[in-house]
Amino acid sequence: MKSRTITVNQIGYPTTSKKIAMFTGQGGTFEVINEASEVVFRGVTSNPVKDEVSGVMVCSGDFSALTTTGKYRVRQDEAVSPMFLITEKPYQHLHHGLLKAFYYFRCGMELEEEFAGPWKHKACHTTEGIVHGQPDRRLGSFGGWHDAGDYGKYTVAAAKAVADLLLAYDLYPNAFAGPVPLPETDNLTPDVLHECRYELEWLFTMQETDSGGVFHKLTTLHFPGLDVMPEEDLADLYFSPISATATGSYAAIMAMASRVYQPFDASFAARCLKAAIHAEEWLEKHPEVESFKNPVDITTGEYGDSKDIDERYWAFCELYRTTGDDKYHHKIQKLSRQPFDKCQLGWADVGGYGTLAYLLNDETNVDRALYTELKTLFLDEANQLISRSKEDGYLISLTEDEYIWGSNMLVMNHGMILLFGYHLTGDKKYEACALDHLHYLMGRNVLDISYVTGYGEQPVMHPHHRPSVADDVVDPVPGLVAGGPDRGLHDEYVKEHLQGKAPAQCFADHEDSYSTNEVTIYWNSPAVFVVSHWVR
Ligand code: G3I
Ligand code: 9MR
Ligand code: ZN
């Protein structure tokens with residue numbers, strides 16, 4: 001790392017927003033220069049403070065007063081920041097790329113040059129899956145998105161990703177007005193719904209027809225090598241056993257989809273609702289379920305989760321919002337008395353999605369006391385994110401112990417919580433803090449890196465993403481959000497290279513670092529949500 005860096009959001013800043021650059025090392029006077037290297041702004045930084053999570057002395061320089069559209073850099077002595085834009089809507093291209101990433105994650109169809117450009121490849125994973133433990137039972141389960149840098153498909157991960165995209169569409173439909181374009185683009189149904197339907201159609205195949213229970217995942221027994229293209233990954237596919245967490249989040253996402261797709265395709269909406277209700281019936285019949293563990297011969301991602309109460313809560317909240325049926329309301333009233341986290345938006349902790357579904361109900365359909373309680377809880381969470389961000393050197397809310405595997409998901413999840421804070425109150429402090437989280441993701445961080453491939457002057461170049469490693473294209477597939485710093489040093493590469501680093505520096509832009517530099521659908525999806533707010 002350079003001893004002195006000036007970091008910015010490498011995409012840019014909206015014209016009327018607060019514009020801050022971060023300086024490591026000493027403070028003092030700084031300048032903003034335009035493309036012709038003319039000085040267009042002069043300012044003085046704040047006093048440097050030691051930021052423990054980032055491991056540096058850091059100070060900030062405010063150039064909010066600069067509102068002329070243009071391309072700029074911040075300069076201080078010999079140090080210069082990456083280039084950025086000031087314009088009314090700087091994030092449209094980024095939004096498009098983050099959404100297009102889902103197309104690149106598609107399984108089971110050829111990605112044609114017309115849509116995929118140089119990242120085209122043949123159809124993959126086109127054989128039936130074997131139900132684990134029942135060698136003669138094979139089921140078709142094609143399509144959907146690969147989870148990540150690996151080619152597995154996992155139900156709980158899928159549910160989180162689709163939930164974020166559908167929530168983004170729900171709150172910000174105008175952000176999705178234009179075509180991506182996709183093979184399905186018809187200018188009738190928004191492309192984001194076409195893209196999610198590709199995943200939902202696959203999810204239908206994960207539900208066991210008779211029982212309504214949902215298989216936890218569909219993967220090979222082991223991860224393939226890093227240089228294997230998807231169509232070359234020909235090992236047998238296995239359905240891992242049904243789990244309560246998979247079934248609960250499946251019920252929730254299907255109920256949500258039923259509501260969102262209703263205006264566009266009533267028969268698809270009806271299929272979604274039927275699937276949701278069938279899954280919910282399985283949950284009813286299975287009140288106590290052992291948590292999912294990988295069968296001994298399967299070593300792909302476990303997505304283990306010891307609690308299924310939050311998935312059940314989310315399912316009831318979505319079923320209630322979609323149907324208005326009191327029987328679901330009673331379940332929510334009962335379950336919500338239990339102690340579990342009702343604000344998280346993870347793949348394991350999904351209580352926040354349930355809470356949001358409840359808070360987005362028409363106010364005439366809610367239990368006032370419960371509504372107020374949940375709203376207060378949610379806003380308290382958002383307020384805490386703001387106080388933590390104020391104390392952070394890079395103005396984000398992550399505590400030291402939140403620099404975990406996939407920390408960028410937390411960065412964007414927190415952005416979502418803050419934007420819902422804004423939605424529920426209209427108070428701009430939430431919006432401003434959410435934007436600071438986006439600035440971190442796009443480069444205003446201690447490593448001076450844009451965590452989105454293909455976006456920004458210094459983006460991630462070597463993600464742990466099999467297609468990007470195995471194809472002959474220099475640039476990685478664009479629009480992918482990398483996991484980000486993980487202070488647990490969970491892979492061999494970072495164990496060897498990053499010992500003793502501060503939490504926010506525990507990241508390596510190296511293809512071997514699967515614990516910091518992999519990409520996943522559910523790290524992209526909250527980023528789509530957050531960016532949607534500024535392109536609406
Ligand atoms: O929640 C605890 C926290 O309380 C504790 O302080 C912290 C200390 O390290 O750990 C936290 O748990 C971490 C957990 O993620 C949080 O979600 C675990 O250490 C960490 O090992 C775990 O990582 C998961 C990883 O799989 C390994 O299981 C990631 O969340 C998850 O995103 C990732 O998912 C993989 C799939 O298995 C396979 N496909 C790719 C995907 C992305 O890498
Ligand atoms: O490549 C795998 C990655 O996609 C997974 O998310 C990760 C989860 O644990 O595991 C990676 O595979 C590694 C395996 O776990 C351990 N040996 C090295 C593998 C990477 O080359
Ligand atoms: Zn595939």
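Cβ from N, Cα, C; glycine included.
Remember, it's a predicted structure, so these values are computed and weren't measured experimentally.
Positions annotated as domain 'Cellulase Ig-like' by TrEMBL: 3-79. The feature domain 'Glycoside hydrolase family 9' is assigned by TrEMBL to 91-530. Per TrEMBL, active site is recorded for Asp509, Glu518.
Annotation for Asp509 (active site): spatial neighbours Ile449, Val460, Met461, His462, Ala482, Asn517, criterion Cβ-Cβ under 8 Å with sequence separation of six or more.
DSSP assigns Asp509 (active site) to coil, not to a helix or a strand. Helix first, then strand, then coil: DSSP counts for the domain 'Cellulase Ig-like' (3-79) stand at 0 helix, 40 strand, 37 coil. When other Cβ atoms within 10 Å of the Cβ of Glu518 (active site) are tallied across all protein chains shown, the result is 23. For the domain 'Glycoside hydrolase family 9' (91-530), the model gives a mean pLDDT of 98.
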